[in-house]
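Have a look at the structure below, then the notes.
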Amino acid sequence: MITRSRLNVVFVSRKFILSVFRHLYLILKRDVNLLADCVIRSRVKINCNLVALRVFNNIEQKMSKIILFVLVTYIYCFVGGKGIEITSAPNVIVRNISIVDNEFMLEGRPFKIWSGSLHYFRLPHQYWRDRLQKIKAAGLNTLCGME
């Protein structure tokens, strides 16, 4: 059975992006207010400076996350999804496999797995077709490829 598949592109709504920015703004506002409280209430400059450094480091980390989020969202929405479509996939066979009473069922019939392995990186690629034909001739129906 030949199937047609299409890569689904999910677009992020403007409302969602604005809600994310609003949430990040509130977090940053809280950190800046903490810094302002430290400056106003603190009489010891050393403690205030340590808190200020800690808050500014948090702000820098959050701003870098915001910038990364905006960049990834832009790339995903406006660059990455344009024109990507898989219209046909020739030679694609869709089969139903399940497990019933401790045995595999393929299309409703019992199926035994006879497996072999092929370490393709140990074998020159000129011999791959020959080895696959030998594996098939030996009656194996499953192949494990090692990395």
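Positions of Cβ are set from backbone N, Cα and C atoms, glycine also.
What TrEMBL lists as transmembrane segment is 66-84. Annotated domain 'Glycoside hydrolase 35 catalytic' per TrEMBL: 103-143, in sequence order.
Long-range Cβ contacts of the domain 'Glycoside hydrolase 35 catalytic' (103-143) within its own chain (Cβ-Cβ under 8 Å, at least 6 residues beyond either end) map to 95-97.
For the domain 'Glycoside hydrolase 35 catalytic' (103-143), the DSSP-based tally of helix, strand and coil residues reads 16 helix, 13 strand, 12 coil.
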